[in-house]
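Visitor: Quick paste from TrEMBL:
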REGION    21-53  region 'Disordered'
COMPBIAS  41-53  compositional bias 'Low complexity'
TRANSMEM  114-134  transmembrane segment
DOMAIN    115-721  domain 'Major facilitator superfamily (MFS) profile'
TRANSMEM  154-175  transmembrane segment
TRANSMEM  182-202  transmembrane segment
TRANSMEM  239-263  transmembrane segment
TRANSMEM  275-298  transmembrane segment
TRANSMEM  318-342  transmembrane segment
TRANSMEM  396-415  transmembrane segment
TRANSMEM  435-453  transmembrane segment
TRANSMEM  465-485  transmembrane segment
DOMAIN    528-586  domain 'Kazal-like'
TRANSMEM  612-636  transmembrane segment
TRANSMEM  699-722  transmembrane segment
Amino acid sequence: MPILLTADVSFSSKQELLDLQDGPMCPSLETPSPVDSQEDSPVGSGPGSAAGNSPARHIILTQAANPLPGQLYTGQAPAETPLGLTFIPTHSEGLCGWGALTPRVIQTFNTPRWVLFFLCVASFLQGMIINGFINTVVTSIERRFDLRSYQTGLIASSYDIAACVCLAFVSYFGGTGHKPRWLGWGVLVMALGSLVFALPHFTTPPYQVSMPEQTGVCTGNRTRRCHDNEGGGLSSYRFVFMLGQFLHGVGATPLYTLGVTYLDENVKSSYAPVYIGIFYTAAIVGPAAGYLLGGYFLNIYTEIHMTTELTPENPLWVGAWWIGFLAGGAAGLVVALPILGYPRQLPGSQKYVAMRVSETHQLKDGSQASASDPQFGKSVKDMPRSVLLLLKNPPFLFLCLAGATEATLIAGMSTFGPKFLESQFSLSASEAATWFGYMVVPAGGGGTFLGGYIVKKLNLRCRDIIRFCMVCAVVSLLAIFIFLIHCPNVPMAGVTSPYRSNLPPGHQYNEQYYEPAHNLHNSSWLGDNLMVGCNADCHCLRELYNPVCGSDGVMYYSPCHAGCSTVNHTEVSTGRQVYSGCSCVVGGNVTSGQEGLALDGKCTSSCSHMPAFLTFLFIIIFFTFLCSIPALTATLRCVPDSQRSFGLGIQWIVVRSLGGIPGPIAFGSVIDISCLLWQDQCGEQGSCYLYQNSAMSRFTLIAGIIYKVLGMMFFLLASVLYKPPPESL
């Protein structure tokens, strides 16, 4: 005799179905949750669909002796699954729509592929805004709003702080709630955060800088430009930026916890890694697009309705940092609408739950079986027990720690990777961001997608997946030794090389003549070595940093420090100014009656290591992201089905608190150690102007080796301690 379940019955795991089948014969269960009966076909597309005013759907448990495996209701006679489940049509609660508004035409989108599409758009926007735009506009925001580096660091960390605060709550209650609604509202909050982040541009006076021709050249009349209220209180806008980032963190929290489990629950287990891989690939391509678009926007003056004499190479230039946030916020408002319209479960999802083979790690005391209780996790009282079950799961813990080490490298390199390229190869900020974006698109995106495809193609089990992650960590560890190679610093007068005009008579110039190592440990203030005989009468200001490249191939702190007296002309092709009468520039292009020329901006590097470095950097990024989806898949498989959302939430807390938050801080400290020349802001230390390339490479290599070795150890321990259930062997 069949068991008839009225209304909409939802099952989060195969065990719930088994418990129900083995239990007493009861007329109905009142567990509201929309489930559709059709497989791989839009609801409402046929005469027997719910949209066509068909009778209400029920799920019947039969005691058939020979059930037909894998069959579902298709508008014909009821069919049974291997568990004796019979799916028959239901009412409109399983349709795609908003409340009572469920148009028949939009039911075409009620499929896993369309869910994947909209979630990919949301993750793309999240990656582009938070991991792309934020990292490219940091320098511009510091300059525009008179912020210190630690203040912008706090702005960046506000995202992870908000995520850590919300993760446990969202993943626990959202895991048993209506996931699409949590996701849709999260995208709305994230879009609001982007609009708030762009708000300071519209509430502050226009950014204007006076640049007369003689600014920065050698003159005898100079006064110190320090004032008590310099900046007009714009630094207070850091709290608005922090609020925007906090909203970003709150809104993005459901995306990588509930979004992943929603995809995993609504497709076949063998296809889940591919769907999740595509989802994460969009999240990787997003930052790359952010770097490319951010670099493009920074070449546009921030006051787009005004003209300026400044060029992007000038240290006082501020690009249109706000355009990306405005556009991203508007796009987020649009994509949130379709996500909010999806049902709790997609058509045919219950069949995939019934067919899934458990690979949950088996605890010694067998307490993981308590998570199979259909009522487990429905109440907040179960949260401590749920946390305890995860803490008693060694593979889960070590996968979390491995993810934290990888996140440290990813967060550190994504924040300071462009700065590393800028310093090593004498690139502009926009050029470095563009090159880094070119690396992230094929390497990060391709590695993420390929990792999910490999798991699906080879049908890897949990232990094999963890071993695959360990191999990826070994390959990226070997490639990281490319940081042993570095480019020599472009000679800078008074910092990395002497003033040629100040050399002893008859002494031949040699870059090794001037050893900058003493500055490396005592570089908080600019020393008197910037002022020598050739510019002593110029009364140059330390606060006015405007590097120029002399015709002798040496870089100078400013036209004043190069002893330049006038602006000769402006290059038409680049808009860069050419200074003449530079008394400190010896040799090179010397014209009649002039002592030397200098070109506005930094000198270009003649280093030839860039192709090799970018090749190995590609390998590092590729293999780092190649194991990201396999590691996520292993995490989902080693915990009980009912704990998947909450487990991902706990994992993200560990990853962010041990990796995402301290990662930029650790790498920033490592890079600051290699600083040769600090900014002097009226007696206070500002940002770093010049780094020692050899020290930067060496310290980055040490940090990379430490975290990669730790990641390998954690993957190894997770593989050794994993104990699969007997039925999965």
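Every residue, even glycine, has its Cβ placed from backbone N, Cα and C.
Structural setting of the listed features?
Guide: Within the chain, the transmembrane segment (114-134) has long-range Cβ neighbours (under 8 A, six or more residues past its boundaries) at 108, 156, 159, 183, 187, 190, 194, 245, 248, 252, 255-256, 259, 262-263, 266, 275, 278-291, 293-294, 321, 324-325, 328, 331-332, 335-336, 338-339, 342, 346, 414, 437.
Long-range contacts of the transmembrane segment (154-175) within the same chain, counting only residues at least 6 positions beyond its ends with a Cβ under 8 Å from a Cβ of the stretch, are 130, 134, 138, 141, 182, 186, 238, 241-242, 245-250, 252-254, 257-258, 261, 377, 380, 383, 386, 415, 644-646, 648-650, 652-653, 656-657, 660-661, 664-665.
For the transmembrane segment (435-453), the list of distant contacts is 132, 273-278, 280-281, 283-285, 287-292, 295, 414, 417-418, 421, 427, 614, 617-619, 621-630, 633: same-chain residues at least six beyond its ends, Cβ to Cβ under 8 Å.
Tertiary neighbourhood of the transmembrane segment (465-485): same-chain residues 395, 399, 402, 454-455, 609, 612-613, 616-617, 619-620, 623-624, 626-627, 630-631, 633-634, 637, 697-698, 700-701, 704-705, 708-709, 711-712, 715-716, 718-719, 722, selected by CB-CB distance under 8 Å and a gap of 6+ residues from either end.
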Visitor: Against the transmembrane segment (239-263), which of these stretches has the most C-beta pairs under 8 Å: 182-202, 275-298, 318-342?
Guide: 182-202
Visitor: Per the definition of 3+ C-beta pairs under 8 A with sequence separation of 6 or more, do the transmembrane segment (182-202) and the transmembrane segment (318-342) touch?
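Guide: Yes, the stretches contact each other.
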Visitor: Could you give the mean pLDDT over the domain 'Kazal-like' (528-586), rounded to a whole number?
Guide: 81
Visitor: For the transmembrane segment (275-298) and the transmembrane segment (699-722), check the count of CB pairs under 8 Å (sequence separation 6 or more) and say whether it reaches 3 or more.
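Guide: Contact between the transmembrane segment (699-722) and the transmembrane segment (275-298): absent, because fewer than 3 Cβ pairs are under 8 Å.
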Visitor: Most CB pairs under 8 Å with the transmembrane segment (612-636): which of 318-342, 396-415, 699-722?
Guide: 396-415
Visitor: Summarise the domain 'Kazal-like' (528-586) as counts of helix, strand and coil residues per DSSP.
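Guide: Result for the domain 'Kazal-like' (528-586), in helix, strand, coil order: 9 helix, 14 strand, 36 coil.
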Visitor: Short question: which residues 6 or more past the ends of the transmembrane segment (318-342) have a Cβ under 8 Å from it?
Guide: 96-98, 106, 109-110, 115, 118-119, 121-122, 125, 128-129, 132-133, 136-137, 140-141, 143-144, 180-181, 183-185, 187-188, 190-195, 197-198, 200-201, 207, 244, 290, 293-294, 297-302, 304, 312, 430
Visitor: The transmembrane segment (699-722): which same-chain residues, six or more beyond its ends, come within Cβ distance under 8 Å?
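Guide: Sequence-distant neighbours of the transmembrane segment (699-722): 361, 394-395, 398-399, 401-402, 405-406, 408-409, 412, 420, 462-463, 466-467, 469-470, 473-474, 476-477, 480-481, 483-484, 631, 634, 638, 666-667, 670-671, 673-674.
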